């Protein structure tokens, strides 16, 4: 369909933090209809050795290669469904590669809005469990607790309610606050700034800049191109799971605007 | 281009799957994988070495315990009676089985204290059964957590078995009251309850890990499990004495059936708990000339085999959990 992706040029003078090597990610989803859904059709399907129609394979990332170096802040842009979030999840090691590999220094962490924790538990429990799951000790968790609550800035009392009672903005804020409680080698931020109100956005931007100073490399997925341009020193444009362009923010964003603006 | 200073991948880990050659510019002969390895980068989705994995898991022990407590607290929050169900569920189960097997069918042959015998069996078996069911769902029900945060995935089956352990301890308190109420004395053998249940716990963790991996990739297992556990229930000597069954005319010529039923892990743990708690049951066994010392060896062997095998089996797929 489109032109072949730009070749990868290794810069030997800089220290790599993330190497993505011909990465393909395929994930499976169940449900979504297909077939008539009766026992007889299911049996015929098994006899004919066909795959389940309810199981769909989504080939979201198709052969992405690039190298991120220390100090890079890379914006990932693209239309909806271009594979941005999947790429970030794969870099974080949360979605296994179908082919190719991702090499990272240390353990990458993903701050995402879709990263739900445990809906049936209270915000308080989620903070504690989230911190412990990230590998913080119980003492560190206790020390961080107030900071997280303060940063999430929920309505009074909501911290004791189950997360299923939270509005989507509140849930996202709490999750972001939990994930930001730890320093990270590689920081992946997926639309985290897009959630919450203007007040929270301002505070979370300051938090991200703070986290960036400690991290080796930062990735940012956002639809707000101005924000990408002012935070990043490099932009990758993904299109249908492939790299369309990789380079200077101004150039890439200009080309992207031209392509979608027609 | 050659690199005289090239070193192997540090720590002897990472790169266990060799990727295809990437789309490289003609300038360099070094692949991205080699470049990454030279700088000591590791595969982010790769399974950590066993040692690291066990260490990370041990480091998450507070997480596992807190997760289990939170889950067992939230389990009945939507029901009106709340935590009362933790006691009520096993009691109602025991009542139904007592009605059917004790009163209607009358299979209490050879058992002096059938009430205590039956309820012990039901409670102990429930622990294994529920561990298995919870284990099968432990990955699928926590996908959001798995996709959000990094932690050794074996934490989840462990946590779910601990939820069931907390249930079991409540059941055991109820059981102690029932055993005393049916006229059994407290003896030093009650202490044997601790090693017996500890071994059962290890066994349950093992099978729960194994079924967690199966359940994560083959969801059909959740439809199949109720039949498996029910079949297991009927073969585990819960409603009848395995000894009296083996003495029946139809089975007398096939002594291996009795041996097999006796070696069944669920039956082993149930018998050990009965022997520890019910004073009269030791006499019942002696009447058939059945010993019970060897059961400890069975219990130990089952626990070790299940735990080591289950852990290894689960760990092998560590990198793939969360993918659909």
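Yeah, the Cβs are placed from backbone N, Cα and C, and that goes for glycine too.
Under the heading domain 'ABC transmembrane type-2', TrEMBL lists B:81-317.
The transmembrane segment annotation in TrEMBL covers B:84-105 (among others).
Long-range contacts of the transmembrane segment (B:111-128) within its own chain (CB-CB distance under 8 A, at least 6 residues past either end) are made by residues 90, 93-94, 97-98, 101-102, 164-165, 167-168, 171-172, 174-175, 178-179, 182-184, 200, 203-204, 207, 233, 236-239, 241, 265-266, 269-270, 273-274, 277-278, 280-281, 283-284. Residues or ranges marked as transmembrane segment in TrEMBL: B:111-128 (among others).
If you look up TrEMBL, you'll see B:161-182 (among others) marked as transmembrane segment. The list of residues near the transmembrane segment (B:161-182) in space but at least 6 beyond its ends in sequence, with Cβ under 8 angstroms from a Cβ of it, reads 64-65, 68-69, 71-72, 75, 86-87, 90-91, 113, 115-116, 119-120, 123-124, 126-127, 130-131, 134-135, 193, 197, 201, 204-205, 208, 277-278.
Outside the transmembrane segment (B:188-212) by six or more residues, the chain places 124, 127-128, 131-132, 134-136, 138-139, 154, 156-158, 160-161, 164-165, 168, 172, 221, 225, 265, 269, 272-273, 275-277, 279, 296, 299-300, 302-311, 313-314 with a CB less than 8 A from a CB of the stretch. What TrEMBL lists as transmembrane segment is B:188-212 (among others).
The transmembrane segment annotation in TrEMBL covers B:224-246 (among others).
Among the features that TrEMBL reports, transmembrane segment is placed at B:295-315 (among others).
Packing against the transmembrane segment (B:295-315) from elsewhere in the chain are residues 47, 50, 53, 153-154, 157, 195-196, 199-200, 202-203, 205-210, 212-213, 262-263, 265, 268-269, 271-272, 275: each is 6 or more residues past its ends and has a CB under 8 Å from a CB in it. Same-chain neighbours of the transmembrane segment (B:224-246): 97, 101, 105, 107-111, 117-118, 121-122, 125, 129, 132-133, 136, 211, 252, 255, 257-258, 261-262, 264, 266-267, 270-271, 284-285, 288, 290, counting only residues six or more beyond its ends whose CB sits under 8 Å from a CB of the stretch.
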